[in-house]
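A short write-up of the structure that comes next.
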Amino acid sequence: MISVAVNGYGTIGKRVADAILKQPDMRLVGVAKTSPNYEAFIAHRKGIKIYVPQQSIKKFEEAGIPVAGTIEDLVKASDIVVDTTPNGVGAQYKPIYQQFQRNAIFQGGEKAEVADISFSALCNYDEALGKKYIRVVSCNTTALLRTICTINKVTKVEKVRATIVRRAADQKEVKKGPINSLVPDPATVPSHHAKDVNSVIKNLDIVTMAVIAPTTLMHMHFINITLKDKVEKKDVLSVLENTPRIVLISSKYDAEATAELVEVARDLKRERNDIPEVMVFDDSVYVKDNEVMLMYAVHQESIVVPENVDAIRASTRLMSAEDSIRITNESLGILKGYLI
């Protein structure tokens, strides 16, 4: 049983903490919070131990939230830390993890240099075995890598061109925008996503562009893949249908908008309406000779959660990629095939 700490209990952290509680080989030591907001109250209500910075203890106690100790205490009590702090903050915490000689999993908001390896479970699990510091790539990069590495099983992927329509903010982020604008992210080519993909697949020819849209629900990707050999559409659809963490969306559902997909998640009683699988619209899959085009939706709040669970096992050498991915998927109810 591996003892896991989660530093940060926001959008990703609370989902990772809940995922750890569902694993048969992991124990959640507790979570770290810096402010006694509603998420801290809910964590306490769930019975999760809360650790805080030394200077914040009084603030939490005055709010009526018991404190189990400092963040340093949390790190010391764990075997490995999943750092889900805001972008750039994880690098500031790394010296603490080093001080107590603890392995750590970082998120895609950190620079790749913070870790020994950037990670995508379907692409490079074996390369991450035993690595002390692993960086799970961002939500968009996770979706790109899942898709690319899956299609690479049909025949070698030689070139990728992708356009990413990014959601402007998560649903709880009331101070972010835009409200009524499309914002190039950035207005130069390539966007950072290409470099991030190359942190996992070193020599792939990939160019990405991105734009921020006034929505909070999901991202959308439009990608063009050039393969080494000619392929048939049925072979591409088959590999997508039979790969875990990818689901196909049929036009028969009459649910192709991201808002409708969220409603599907509600009706399926998905926790927090999460869909951690890449959602590929099957009618969008276009194949001509060695060229493949497709579009898919990405639920940014949950797609990296199973990757974090697998990264814990890879870092601590708990088990093989196949076993870890299977156990993670089973415990979290993650599908393959068609969503409905």
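Glycine is treated like the rest: Cβ placed from N, Cα and C.
The NAD(+) binding site annotation in Swiss-Prot covers T11, I12, G109, R167, Q300. What Swiss-Prot lists as D-glyceraldehyde 3-phosphate binding site is S138, C139, N140, H193, A194. If you look up Swiss-Prot, you'll see C139 marked as active site, nucleophile.
Distribution of Swiss-Prot features across the structure.
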| residue | record | contacts (Cβ under 8 Å, 6+ apart) |
| --- | --- | --- |
| T11 | NAD(+) binding site | D170, K172, E301 |
| I12 | NAD(+) binding site | T84, Q107, E301, V304, V305, N308 |
| G109 | NAD(+) binding site | P86, N87, G88, G90, S138 |
| C139 | D-glyceraldehyde 3-phosphate binding site | G108, H219, V298, Q300, E301, I303, V304 |
| N140 | D-glyceraldehyde 3-phosphate binding site | I164, R166, H193, A210, H219, H221, V298, Q300 |
| R167 | NAD(+) binding site | I212, A213, T215, T216, L217, M218, H219, Q300 |
| A194 | D-glyceraldehyde 3-phosphate binding site | A162, I206, V207, T208 |
D-glyceraldehyde 3-phosphate site shell beyond S138, C139, N140, H193, A194, criterion: Cβ within 8 Å of Cβ centroid: G108, V137, T141, T142, A143, L144, I164, S191, H192, D196, V197, T208, A210
Non-site residues, in chain order, whose CB comes within 8 A of the mean position of the CB atoms of T11, I12, G109, R167, Q300 at NAD(+): S138, C139, D170, E301, V304
Other CB atoms within 10 A, centred on Q300 (NAD(+) binding site): 22
All-chain count of other Cβ atoms within 10 Å of H193 (D-glyceraldehyde 3-phosphate binding site): 25
